[in-house]
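Trainee: Before I ask anything, here is the structure I am working with.
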């Protein structure tokens, strides 16, 4: 057996590479709807990352079906709400990860790496996530309430005639 093979077989395993807080927040802000930040932190075995991806796909199917008028409206709304939940939770994840103190971040995601020093880019991404996430949440609630009350008015008109 060659000496190089013996050395590599007895070498100590490398410590886990640390995860960047800025990269995680940026992934949650930009691509969080499909769970890319979860894949970055937990790999392909992260069940919530797959839930993000499935909810985003369901949302796309629901919105497209509503636009074309295909399928059951209740099922289309259910799918669209699942997609909206994925979008809103991605912005919430960006806020939560961005506001986590650096020492707690290092203890969980960067135990052997250099200490994390969050700067202004993380703060700006958290602020943008808060603005966009709350705006989308309020818009979704307004559309949902409007649709509900319009359907109630139509049902009342049908009963009165």
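Quick reminder: no glycine exception, Cβ is built from N, Cα and C everywhere.
According to TrEMBL, the record shows the following:
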type: DOMAIN; residues: 17-65; note: domain 'TM2'
type: TRANSMEM; residues: 22-41; note: transmembrane segment
type: TRANSMEM; residues: 48-65; note: transmembrane segment
type: TRANSMEM; residues: 77-99; note: transmembrane segment
type: TRANSMEM; residues: 120-143; note: transmembrane segment
Trainee: Which sequence-distant residues neighbour the transmembrane segment (120-143)? Criterion: at least 6 residues beyond either end, Cβ under 8 Å.
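Mentor: Apart from its flanks, the transmembrane segment (120-143) reaches 21-22, 25-26, 28-29, 84, 87-88, 91-92, 94-95, 98-99.
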Trainee: Taking helix as H, G and I and strand as E and B in DSSP, count the residues of the domain 'TM2' (17-65) in helix, strand and coil.
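Mentor: Result for the domain 'TM2' (17-65), in helix, strand, coil order: 43 helix, 0 strand, 6 coil.
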Trainee: Do any residues of this chain, six or more beyond the ends of the transmembrane segment (48-65), have a C-beta under 8 angstroms from a C-beta of it, and if so which?
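Mentor: Long-range Cβ neighbours of the transmembrane segment (48-65): 32-36, 38-39, 42, 71, 75-87, 89-90.
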Trainee: Can you work out the mean pLDDT of the predicted model over the domain 'TM2' (17-65)?
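Mentor: Average per-residue pLDDT within the domain 'TM2' (17-65): 94.
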